[in-house]
């Protein structure tokens with residue numbers, strides 16, 4: 001009986017489709033002429049607020065029609081699940097030209113007739129990396145000017161329906177939607193689609209993709225740009241190809257276009273850093289057997305005869321230096337002369353990267369007509385939330401117009417709450433880092449006694465020292481804490497930024513960026529700073545060790561040096577973040593979309609409309625790009641701030657970014673609704689953050705070479721204290737260790753047993 005009802009429903013829908021002679025995969029109204037520029041969706045939820053929501057919708061849609069927009073509603077009976085209403089919106093010519101002038105949109109006046117004289121002698125070699133000309137440059141280059149209704153005869157208006165691109169059209173409609181009123185509640189004027197989405201009046205608002213990503217649209221009037229982007233850009237097998245930046249800009253807008261331009265340029269520049277880093281690593285690998293320090297540590301006659309003082313109180317025994325033979329050899333991979341060269345090279349590389357990007361950015365500004373773009377009205381105009389919440393008004397001394405404003409006392413109070421909240425969360429990170437340090441101190445003795453007394457661990461005890469075992473487990477624990485704190489703080493940062501009520505969109509993004517970056521900086525890098533600059537520096541000496549909270553003895557570095565531990569910490573946090581980030585970005589939206597479409601995937605295409613297909617996709621959101629930039633800037637910190645300890649970091653980042661470009665393009669093209677197009681002439685406040693990190697990286701790498709690695713002590717010994725002219729570094733290990741009389745050990749520190757009756761330890 002149930003299957004019979006389904007069959008009857010299928011027949012009714014089939015008849016309805018046949019009657020209209022139009023595929024529901026179309027991006028036009030039922031008349032097949034008017035293009036769908038935006039879609040709103042809602043459901044009848046039969047809650048207590050049903051009447052209120054109905055009234056809001058009625059008022060909102062009436063005001064949209066008064067603004068000149070044309071609406072067409074699809075009844076819930078037409079939808080796949082029989083529950084969702086869809087309101088399709090079309091902006092007619094008169095509305096488009098009115099708001100094109102308001103938004104200062106630039107349009108073509110004449111095709112560019114200046115011949116391009118730039119010739120690249122390497123073009124023939126780079127041909128395999130090139131995309132077809134039609135994909136790279138989807139439309140001719142034009143001379144442009146801001147649109148004016150009164151001077152329409154000056155513009156190249158061949159066809160009114162295609163003069164404004166779909167991305168321009170959805171920008172204009174979104175501008176109207178964010179400012180359209182829907183009534184007065186509690187004595188306040190209410191407006192904007194964002195508020196209606198938040199209170200559940202509408203469930204979604206989005207522009208449509210122009211076709212399905214895996215095949216071209218049947219409609220000859222459709223450019224099928226989404227299909228082109230998927231085939232030429234979003235597939236991983238195209239990883240070696242250049243990016244079609246002009247097509248990305250045309251389909252998604254300048255803001256997304258400039259992000260992919262920056263990410264692509266950053267990845268290109270990483271190639272050089274990765275090659276030099278790999279060469280430095282290989283130098284360490286090939287000279288490992290020639291390292292005099294490792295030879296002396298591994299030599300039974302030298303390292304085997306040096307008795308070291310216990311690494312923890314009472315539970316740990318005396319130990320011979322040659323037990324750290326393998327770890328000292330591996331530390332040479334990263335702690336050698338090439339490390340110093342690479343640290344200097346990366347200081348130069350980061351400066352060149354930032355300067356060359358400014359040049360590339362200036363070129364894009366010219367090519368994309370953004371030279372006189374001043375963060376545009378879309379960014380500089382008052383946020384609807386600011387206008388709604390600021391009921392008081394004062395006269396603008398420049399424009400002489402009355403504008404809403406936030407009183408100084410209210411601003412001060414909000415900033416105090418915001419600052420206190422950020423300070424609390426930063427303190428929470430520091431507290432969690434101290435907890436991890438306590439974990440290191442508490443478990444070290446356990447690892448030391450376990451490895452000494454367990455026979456099954458003997459084969460790997462040379463490689464996996466107690467210090468390294470503690471460092472690896474602490475790094476993993478630290479990574480888990482980082483991800484948990486990130487999850488909560490992201491929501492807190494958005495809440496406190498909303499509470500501050502920033503005046504413009506640009507101000508909102510900048511404030512949120514600084515809050516998030518400050519937190520992420522402390523969260524991701526605090527443990528690396530601890531290992532690089534604090535661990536092993538405040539240990540004390542036998543008989544007068546320093547203790548944390550008078551209970552746990554401060555930990556020492558690995559006998560091979562702290563640099564190998566910093567490398568371990570950096571590798572785990574950096575690689576873990578990149579793997580987890582790609583899983584989140586690729587698999588989570590794919591699983592969500594698969595789950596959402598599981599009922600519809602068996603339906604015929606003409607019963608599963610274009611607006612329903614896009615409705616079932618994930619929302620990219622206003623902060624979608626923000627998280628992409630944040631992820632890349634944190635990675636930039638890993639490969640610049642601590643690169644002296646891990647020359648392979650740029651290579652890891654390069655491999656990740658090659659994947660990142662394709663993952664980001666794939667999810668944007670296939671898994672997300674089409675974002676509303678937005679303009680941007682630069683990467684914004686991220687440029688200043690990158691500049692700050694570049695300056696800091698020079699300082700941190702100099703400090704790592706000076707204080708964390710053994711580079712300076714070795715050079716001092718080489719030039720000032722050598723004893724053998726034929727082998728200047730021989731005797732360095734013995735020279736670097738001081739002597740302690742075991743009889744001077746206080747009871748608190750002295751090991752319980754001394755079976756071999758050692759007299760001194762080092």
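Yeah, the Cβs are placed from backbone N, Cα and C, and that goes for glycine too.
Remember, TrEMBL labels are computer predictions, not curated facts.
When TrEMBL is compared with the stretches 422-447, 552-577, 578-603, the one noted as transmembrane segment is 422-447. Your range for transmembrane segment, going by TrEMBL and the list 390-407, 498-515, 516-533, is 516-533. For the transmembrane segment (633-654), the most Cβ-contacting stretch among 259-286, 337-357, 422-447 is 259-286 (pairs under 8 Å). Taking Cβ pairs closer than 8 Å, the transmembrane segment (516-533) reaches residues 422, 425-426, 429-430, 433, 436-437, 471, 475, 478, 482, 485-486, 489-490, 493, 562, 565-566, 569-570, 573, 577, 626, 630, 633-634, 637-638, 641-642, 645, 689, 700, 703-704, 707-708 in its own chain, all 6 or more past its ends. This prediction places the mean pLDDT of the coiled coil (43-70) at 88.
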